[in-house]
């Protein structure tokens with residue numbers, strides 16, 4: 001009781017804040033109680049009031065309700081996300097209770113510097129912006145304290161990269177009270193999803209809280225489950241690669257004798273080399289569990305390279321064979337054949353020449369076989385990649401800090 005009045009006196013002089021009642025009544029009779037501020041024991045009582053309340057052998061239980069109002073600026077390349085939260089903390093401090101029969105006030109508000117409040121630190125935060133620099137705590141007549149803290153923060157997130165850009169990730173926010181021990185303080189956390197806007201690439205589809213066990217420092221953890229719903233990434237990454245692969249397959253329909261085929265294939269390969277560099281740069285990377293698209297784009301590059309090499313080799317062999325046929329001994333003139341009594345080719349030989357001319361050379365036959373095998377290989381690649389995408393899973397190695405609770409030495 002005396003600690004409460006000491007806080008009230010300090011509030012009037014040090015902070016110049018008017019105490020408000022639930023029903024809107026102002027504090028009266030201040031002139032009569034001001035002389036007590038010069039009491040010698042005042043500083044001791046004030047110091048006692050800003051210490052953690054004693055709950056006997058049990059730790060003080062602080063109920064925390066986390067209201068998530070927005071998640072934005074999710075950057076998977078930087079492994080960061082921004083969020084806006086409202087923390088509603090409540091606990092019991094019997095030192096602040098008063099008798100309503102003597103002092104008919106149901107509730108008062110106090111600046112949080114004048115009483116004990118849990119000092120929270122977000123472990124994953126790069127920066128934290130507390131929206132209210134001087135929040136007010138509401139104290140009920142029975143000593144229940146309620147404090148609302150609004151904040152915006154940017155935190156690190158361990159994104160799931162394997163299935164990017166259709167990834168599902170769990171991002172955690174760990175709140176620690178570093179000025180207290182687990183024997184003094186305990187959190188009971190709840191989370192509420194108040195996000196009303198879904199026009200984001202990443203959508204929060206689930207929230208959960210937990211209190212990690214075996215911690216020397218009291219803490220609670222809020223986990224946000226994010227789902228990537230962006231269609232832009234799929235169009236920007238997959239459509240150009242698939243279009244070039246389809247164009248390469250269609251290029252196999254050109255005859256091997258066509259001069260344009262080699263230029264067509266080489267142009268596609270060079271175009272995909274430039275595209276491959278930009279595609280890989282647009283994908284996130286990690287020491288483990290890299291996106292499957294990195295391997296997929298590399299396989300497409302190998303397919304285009306193999307197709308181009310096949311065209312160049314077989315076209316070169318075909319041109320060399322034609323050049324050898326042209327440089328062979330030329331047949332004797334028709335006049336000389338008649339002089340030697342050779343009446344010329346038999347009429348039955350003419351159809352045989354036509355049949356022989358319609359037959360394909362072995363490079364062209366090999367090209368047709370390669371084309372069929374290449375088409376089958378491309379289709380199999382698509383189906384195999386789809387199966388791997390659906391059933392593949394990858395678990396990264398545990399970080400060194402996750403091998404032991406906070407404040408302990410890692411296990412060897």
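Note that the numbers count up from 1, one per residue, in the order the chain is shown.
Note that Cβ sites are derived from N, Cα and C of the backbone, with glycine treated the same way.
Summarising the annotation, Swiss-Prot assigns signal peptide to 1-25. Annotated topological domain 'Extracellular' per Swiss-Prot: 26-233, 287-298, 390-412, in sequence order, evidence recorded as sequence analysis. What Swiss-Prot lists as N-linked glycosylation site is 41, 55, 99, 170, and the listing cites sequence analysis. Annotation source Swiss-Prot lists disulfide bond at 157-171. For 234-254, 266-286, 299-319, 369-389, the entry in Swiss-Prot reads transmembrane segment. As annotated by Swiss-Prot, topological domain 'Cytoplasmic' applies to 255-265, 320-368. The region 'Disordered' annotation in Swiss-Prot covers 328-360. Look at Swiss-Prot and you will find 335-353 tagged as compositional bias 'Basic and acidic residues'.
Packing against the transmembrane segment (299-319) from elsewhere in the chain are residues 241, 244-245, 248, 251-252, 256-257, 261-262, 265-266, 268-269, 272-273, 276, 361, 363-364, 366-367, 370, 374, 377-378, 381, 385: each is 6 or more residues past its ends and has a CB under 8 Å from a CB in it. In the three-state DSSP scheme, residue 171 (disulfide bond) falls into the strand class. On the backbone, the CA of residue 55 (N-linked glycosylation site) and the CA of residue 99 (N-linked glycosylation site) stand 21 Å apart. Across the range of the topological domain 'Extracellular' (287-298), the DSSP-based residue counts are 7 helix, 0 strand, 5 coil. When Cβ-Cβ distances below 8 Å are used as the criterion, the topological domain 'Extracellular' (287-298) is approached by residues 160-165, 237-238, 241, 276, 279-280, 385, 388-389, 392, 394-397 of the same chain, each at least six residues removed from its ends. If you look at the topological domain 'Cytoplasmic' (255-265), the same-chain residues 6 or more away from its ends with a CB under 8 A from one of its CBs are 248, 307-308, 311-312, 314-315, 318, 363-364, 367. Residue 157 (disulfide bond) sits 49 Å from residue 99 (N-linked glycosylation site), taking the C-alpha atoms as the reference points. In the structure as shown, the Cβ atom of residue 170 (N-linked glycosylation site) sits within 10 Å of 14 other Cβ atoms. For the pair residue 99 (N-linked glycosylation site) and residue 171 (disulfide bond), the C-alpha distance works out to 46 angstrom. Annotation for residue 171 (disulfide bond): spatial neighbours 81, 155, 157, 158, 159, 223, 224, 226, criterion Cβ-Cβ under 8 Å with sequence separation of six or more.
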